[in-house]
Every structure is written in structure tokens, then in C-alpha cells.
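The feature signal peptide is assigned by Swiss-Prot to 1-26. Taken from Swiss-Prot, the feature topological domain 'Extracellular' applies to 27-295. Residues annotated as disulfide bond in Swiss-Prot: CYS27-CYS139, CYS30-CYS142, CYS41-CYS55, CYS124-CYS147, CYS128-CYS153, CYS170-CYS226. What Swiss-Prot records for 150-236 is domain 'Ig-like', and it gives experimental evidence as the kind of evidence. Feature annotation from Swiss-Prot assigns N-linked glycosylation site to ASN243; the stated evidence is sequence analysis. The transmembrane segment annotation in Swiss-Prot covers 296-316 and is backed by sequence analysis. Among the features that Swiss-Prot reports, topological domain 'Cytoplasmic' is placed at 317-324, with the record citing sequence analysis.
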Amino acid sequence: MALLALASAVPSALLALAVFRVPAWACLLCFTTYSERLRICQMFVGMRSPKLEECEEAFTAAFQGLSDTEINYDERSHLHDTFTQMTHALQELAAAQGSFEVAFPDAAEKMKKVITQLKEAQACIPPCGLQEFARRFLCSGCYSRVCDLPLDCPVQDVTVTRGDQAMFSCIVNFQLPKEEITYSWKFAGGGLRTQDLSYFRDMPRAEGYLARIRPAQLTHRGTFSCVIKQDQRPLARLYFFLNVTGPPPRAETELQASFREVLRWAPRDAELIEPWRPSLGELLARPEALTPSNLFLLAVLGALASASATVLAWMFFRWYCSGN
């Protein structure tokens, strides 16, 4: 609605420029219409008075000191109300047969005092960001502008030791709106230090203005980006280049050393390994093989062999005798 009101005021301001032939738009032309100003002059000098043009020129000339005024954008409605009250006061003076030569300069001085009492706009805080609280309204053109700063903030370098925690704070040094603020995070891996959005991928699990990486590994080397938005409109993009350096922690180093030791002694081809089955000669030749259990087995084997030989001899003897 504010944009529509401003758009409707522009043709009136252009018409005023053509009629009054002033070099620049003043606050008077931004917050009053041509018909309102013409009506006031008609009340002062009459509908078709030869002094009508003189009155119109005097009206704009009295407010020329406000042509380059800049105000806090949020104070527009306050200033608009003040100009509305001024037009009503001038109409009352005209109805009371007052003089426009006195009324217009007096009204302009009062308006200057009101403008000096308005809340000032915040100064632009470099180096980046869409800073709505620093938006200003320019009477020289009846338009507003924000700080001429890029949306992308410079890359911040963060260096951590491998295995430690890396933390990023998505905080800007200018005031943010209080409502509908969201934070989204992206990551460009491979050790890239970049602001090119085509290299980034979303990190859906990262929420809020604070992000932690723990423990930091070499795979985390790259650029992390945080986008601050208000109602889907970007306000700032912050970048953090994470450089992971140094050896891993001591505990991890010892674990890796143990793992490498196991790999060194582990068989390469487990399917080719056969269990050791020593022969009788190997058992007798290796004293360490003659354990009590092995000696017991040897005795059992000897007894079985002797019994088998006895049985075979007896069976042979019976067969031989039965043949005779």
C-alpha cells in the first residue's frame, strides 16, 4: 500500500515541477499534493486572482531549504501527519484573512524544527548486508535507499587442529529485524575457499545461527556459508573457510598404530593356511612337542598297535591251523 501511495504521489510531484519550475523536489512535494497546495493558495488570494501564481511560487520557495532533506524511513508516516496538520493550519489562516507571505515562511520554519526532532536513521555499518534499519527517505526524489553494500560478507578464516571442534557464528554487526528471521547453511568441500554459490550444497541438519563441527576431519576442509533471511528475503551471506591442520589426537594415533600392527601380522591369504600336523619323527625330534598330552597319545597309539599286531597274529595262526 505504501508503494501504491508513493507511486500515486509521483505524477503530482512531476506536475508541481512543471508548474512551479523548481530545480529539485522538496519534502513539501513528497507529502502534499498539487491540488492541496493549489487549494490553499486559492483560499489565500481567491479562485481567479492574478496573485495565484505568485502565491504558488512563494509556497514552494519557502520550503526550498528542505529539498535535500533525508529522514529515517520509519519516520515517513510521522512526517506525513505533520504536513497534513500544516495544511489544515494554513487553511485556517487563509480563512482568517491571513497573509501567505507570512504564513508560508512560518510554516516552513516549524517544519524544519519537526524534522530535526525526528529519530535519525542508523548509520551504515560495513562491510556487508541489507540493513533495513539504516534505510533513508530522500526528499530530493521522494524515494528511499539502503546502504550501498554487497550482500556477501568477506570470507572468514577458521583454523582448527584435526580432531578438535570447529564453531561458526552466523552473526552480523548490524541490527536485524525481530520477526521471521531464518538461517540456512551450505558447504563447499574439497578445500575450496570460494563465494561462488554454484559450488555449495545444502546442509539440511544445520539450523540456527550457530554451527559446530566435531571432531573436525580433513574431509571438512572447505567453505561453510550461512544465509540470513527475513521472510525468504536474503539479508546477508556469511562465509567461513575451515582449514584443518596438524596430526590427529594422541589417542587416535595409538589406535591407528595398533591397527597397522595387526594388519602387518595378519595372513594375506587366509584360505591357503593349513593346520600343522606333525609326523612321529617331527614329534620325537622337537622336545617342545612332547607335552604330557602328546606323550599320552603316543602311549595309547603304541598300545593299540601292539594289540592289533597280537590279534592279527592269532587270526593268522587259527587260519593256518584250520587249513591243515
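Every residue gets a Cβ built from N, Cα and C, even glycine.
Feature map: annotations from Swiss-Prot on the structure.
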residue: CYS30; record: disulfide bond; DSSP class: helix
residue: CYS41; record: disulfide bond; DSSP class: helix
residue: CYS55; record: disulfide bond; DSSP class: helix
residue: CYS124; record: disulfide bond; DSSP class: coil
residue: CYS142; record: disulfide bond; DSSP class: coil
residue: CYS147; record: disulfide bond; DSSP class: coil
residue: CYS153; record: disulfide bond; DSSP class: strand
residue: CYS170; record: disulfide bond; DSSP class: coil
residue: CYS226; record: disulfide bond; DSSP class: strand
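Neighbour counts of Cβ atoms within 10 Å were compared for the disulfide-bonded residues CYS124, CYS142, and the top value is held by CYS142. For the topological domain 'Cytoplasmic' (317-324), the predicted model reports an average pLDDT of 74. Separation of the C-alpha atoms of CYS27 (disulfide bond) and CYS142 (disulfide bond): 8 Å, rounded to the nearest whole number. Across the structure, CYS153 (disulfide bond) and CYS139 (disulfide bond) place their CA atoms 31 angstrom apart. When the alpha carbons of CYS226 (disulfide bond) and the residue listed as 'N-linked glycosylation site' are compared, the span between them is 17 angstrom. The Cβ neighbour count for CYS153 (disulfide bond), using a 10 Å radius over every protein chain in view, is 23. On a Cα basis, CYS55 (disulfide bond) lies 39 Å away from CYS147 (disulfide bond).
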